[in-house]
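S.K.: Let me give you the structure first, and then I'll get to my questions.
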Amino acid sequence: MEGKLTDKSTIIEIPEDPLRTITVEELYDDDKFDFSKMEEKDLFLLLESSPDGLTDGQVNERLEKFGPNKIEEKKRNPILKFLSFMWNPLSWVMEIAAIVAIALTNGGGKPPNWQDFIGIVLLLIVNSTISFIEERNAGNAVQALQESIAPEAKAKRNGEWKVIEASMLVPGDIISLKLGDVVPADARVIAVHGQLLMNQAALTGESLPVKKEIGDELLSGAICKQGEAEAIVMGTGKYSFMGKTIGLVGKHDDTAHLQIVMGRIGMFCICCIVIFLIAQIVVMYGVFRYEYRRGMNNLIVTLIGGIPTAMPTVLTVTLALGARQLSKQKAIVTHVSAIEELAAVTILCSDKTGTLTLNKLVIDRQTLKQYSDVGLDDIIRYAAIASRTHHQDAIDACITEAAGDIQNIRKGIEELHFKPFNPTDKRTEITYRTINDGKVHRISKGMSRVILELCTRDKTDELIEKLQKDVDEFASRGLRSLAVAIEDVTSGDVGGKGNGFKLIGLLPIYDPPREDTKETIDRAIELGIKVKMVTGDQLAIAKETGRRLGIGDNMFLSKVLKDGPPEGSAYLDIDDLVLHADGFSGVYPEHKYEIVERLQNMGHMIAMTGDGVNDAPALKKANVGIAVADASDAARSAADIVLTEPGLSIVIDAILGARKIFQSMRNYSVYTCSMTIRLLVGYSILLFAFQYDFPSFMLLILTLLNNGTMMTISKDRVEPSPYPTKWLLSDVFVHAIVYGIYSALSTVALFLIIVKTSFFQERFDVNEIHYRPLDSPTAPGWNDPVLNSIIYLQASIMSHGLIFITRSRTFFFLDRPSFMLVIAFVLAQLIATLIAVYANWGFANVAACGWTWAGIVWIWNLIWFFPFDLIKFALAAYFEPKKKLAIEETLQIEPSTPEQRSRREIVTSAQKGSTSSSDRRLSTMSETGNSSFEETIVRAAGRYFAPHTRDLAASPYHHHYHLARILAGNNDNLYRISADSENLRKFSLVQAHHAARVLKAQAERLESGTTPV
């Protein structure tokens, strides 16, 4: 069979059995087969499809030919990936130390320091191996979580509609689209139900939704804004618009915030190393006149001891394992770095329906109003009889549920006529006959004013006044009113005239809060989080819900965002009102976006919940966008976190979990920076004061055992911070410096007592450490092999013990660590003790110190260890009030004080100085005020930690959302891209836009005289 399609100048021949005879490349060659200009019947013929869809056999054949409908991530060579873990600023320092050991530490009649060289190389290999294995497992865990929220599509298979994973779509599939759906593959419309509008701004730059009709193309990644449609799939995976565009644009170079944090910590450690290296070179060679070989050995100690080689792996694995833990709490992250931001959230903007409330109407029996001798239960029963029992709306469902078993509601009666609710009459009406006596009755329920006008029996001025008063009372409390009236039809005819309707009751209907919502909001306030209700509902309903939940009723209509604070309000400006309001009603998507933006500009980290397609912009704008359970594809794609169960408690549990994860990361950062300071300061003092040379090989062993222990920190049991937490690196560095100096003093003090007194020799009968002349051929000065073992053991115990201080917020013995951390610590210290007691390694210049010295060292460290908690409490007394002050203004209802406004203006001006939303997000995640040069260096260093964070990147199942970010670059406005729709399929838009960005960036650098780092 052959079909022909005549174009203006092209005749396309469709061969028999086209998908088997035509190659994929030929099929998607526009010069041969232009899908956009084909007749529908020819398209079906070419794709060998029909309106009934494909069969399972056809699907399997096409999956093999075209591949799955997803953008395949380029697989990295595992060997190159392994080596990449050795290519970052921290590893460079270790590699420099290895070069120094093998190439520069020669002379003095001795061979190069090959023991240290081998030790450093082995340490690098061990660290890279652990990083490779741990982060591959972490990446697999993250991928499994993201696959659990993979987008789905409704496709017709074997003549029946089925919901399948979007990745299983193939060309020729018939798909169904509805409001909020993301187009899963390039398709062509074959049926439309209602007006079909598609939002393809992220793809084409068209700011308004585009109307689509039968025969029009739908691009993968577009979002259905209105109407429903059926379409035939034309291109999937890398053959779709999305796949080809991502291939043209390439991967977006976006340094993750965690990489920047690693860059800052790495730069801190490297700067400290450089300072001490310069000081040691000056002192050793300029003052002490060290021989070349001896000085180089000491420089190796400084290079090795100051580098936290395990930091990137520990931090990223902690995040990945935390993401898996959050999934158990019914919160799935679409990119793991959102955990950092979730821990820092200060304000949660939550929608009302379905999140704070049950999204299910109920009757408030306690406030039901009665106007006759008909009992309360009978009023509800009459209202239920006047309700639909099938295809119910929300009101009918709540009334029949309140009445009891729906099967018994009309038991004993015969329905004669039912008039359903319509917007004109605003009521329902049923005429029925009771079977036992054959009498006919009517019931009507609906809007109170309509029912009152309908009533003629027992209608008095007092009744009218009472009803109006009750309706106003319900309205002021946010309750909907539903009036019920009855009459008897004495004639017994269906259309006969009754004896007049009589008002019998007024039903108060509302959407009740979830059982745990009030408790959850109380928990949020205790955690320093302000919960704001952002709803499209009426103001009275919002206030009543706020009162019931403890959120508060200081709420405003959304129009204040434009008109400013109401007259008589104490708020001086819109920002002040937005910050202190308990919520907003009558909100549209653009209002949500503005609320988030204003709060972010004041320095707050914002979480926003949403479920609809119109919520997507606000979810993207928020620091943490949260798609609630049953959210649309568009909302889920724009969100950072997707909830799998309804309710606000899931959000708060996720925040609490994120704080625990963040706390583990902070604890380790403080610890590892402390070790850098401890080793640099301690050994430099011993070097400058006593010309003491610590063996570099023993430092390698200490580092190796330390790294092994620290790998368990990701599984540690920690208490979350009671306040929103973010990366305050000044806090981290101050703690590290104080802890490090104190630890160094413990080593220096022990050294002094050993070499300057006979205290230990007299009381414990241990061997005396002898001083050797500086011209001694072996171990000159105080470089005694036994002393080296003692100092090594003291440093190992004190270093590892510090983690128990940094991990707890109270006394270390009151905060139980994880079993794995304890076991790792015990094993590491057992090995360290055995080495100190028994090792006689001439190449490392250590000798067995014996059990007595080991016992002395353990007791000494215990004596110095307990005051650590007092130091921790003193530092907390300085930093904690600042953290409390930061949340006071957020939680207060009253307008900001002049001091608070002044502080806020400083933050706001800093936020406005950021050129993009990503910059503003980073500035709210950590401290601001860094110079542009420093920021450039940090970002450059951070990029080298990409191998550690690559597996934590956003889900590949949301390519259309992230493509928008790629195309927008640093621009908040995704609609600045323009295109001629006729040329879309040739992708000239994307190519031109991407090239323009590159050329513009180069031009700006030339004008400013700068070059990229």
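Glycine is treated like the rest: Cβ placed from N, Cα and C.
Annotations per TrEMBL:
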{"type": "DOMAIN", "residues": "34-106", "note": "domain 'Cation-transporting P-type ATPase N-terminal'"}
{"type": "TRANSMEM", "residues": "85-105", "note": "transmembrane segment"}
{"type": "TRANSMEM", "residues": "117-133", "note": "transmembrane segment"}
{"type": "TRANSMEM", "residues": "265-288", "note": "transmembrane segment"}
{"type": "TRANSMEM", "residues": "300-321", "note": "transmembrane segment"}
{"type": "TRANSMEM", "residues": "668-690", "note": "transmembrane segment"}
{"type": "TRANSMEM", "residues": "733-755", "note": "transmembrane segment"}
{"type": "TRANSMEM", "residues": "818-839", "note": "transmembrane segment"}
{"type": "TRANSMEM", "residues": "851-875", "note": "transmembrane segment"}
{"type": "REGION", "residues": "896-929", "note": "region 'Disordered'"}
{"type": "COMPBIAS", "residues": "908-929", "note": "compositional bias 'Polar residues'"}
S.K.: By a Cβ-Cβ criterion of under 8 Å, what residues six or more beyond either terminus of the transmembrane segment (300-321) are in contact with it?
M.R.: 85, 88, 90-91, 93-94, 96-97, 100-101, 105, 113, 116, 120, 123-124, 127, 130-131, 134-135, 138-139, 141-142, 258, 261-262, 265-266, 269-270, 272-273, 276-277, 280, 336-337, 339-340, 661, 664-665, 668-669, 672-673, 675-676, 679-680, 683-684, 693-696, 699-700, 703, 706-707, 710-711, 713-715, 945, 948-949, 951-952
S.K.: Which of 85-105, 117-133, 265-288, 668-690, 851-875 has the most Cβ pairs closer than 8 Å to the transmembrane segment (818-839)?
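M.R.: It is 851-875 that shares the most Cβ pairs under 8 Å with the transmembrane segment (818-839).
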S.K.: Against which stretches of its own chain does the transmembrane segment (733-755) lie, if we need a Cβ under 8 Å and a gap of at least six residues from its ends?
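M.R.: Distant Cβ neighbours of the transmembrane segment (733-755) are 268, 670, 673-682, 685-686, 690, 692, 769, 771, 782, 787, 790-791, 794-795, 798-799, 802, 805-806, 857, 860-861, 864, 867-868, 871-872, 875, 879.
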S.K.: I'd like to know the mean pLDDT over the domain 'Cation-transporting P-type ATPase N-terminal' (34-106).
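M.R.: Per the prediction, mean pLDDT sits at 80 for the domain 'Cation-transporting P-type ATPase N-terminal' (34-106).
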S.K.: Treating G and I as helix alongside H, and B as strand alongside E, what does DSSP give for the domain 'Cation-transporting P-type ATPase N-terminal' (34-106) in helix, strand and coil?
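M.R.: DSSP composition of the domain 'Cation-transporting P-type ATPase N-terminal' (34-106): 44 helix, 1 strand, 28 coil.
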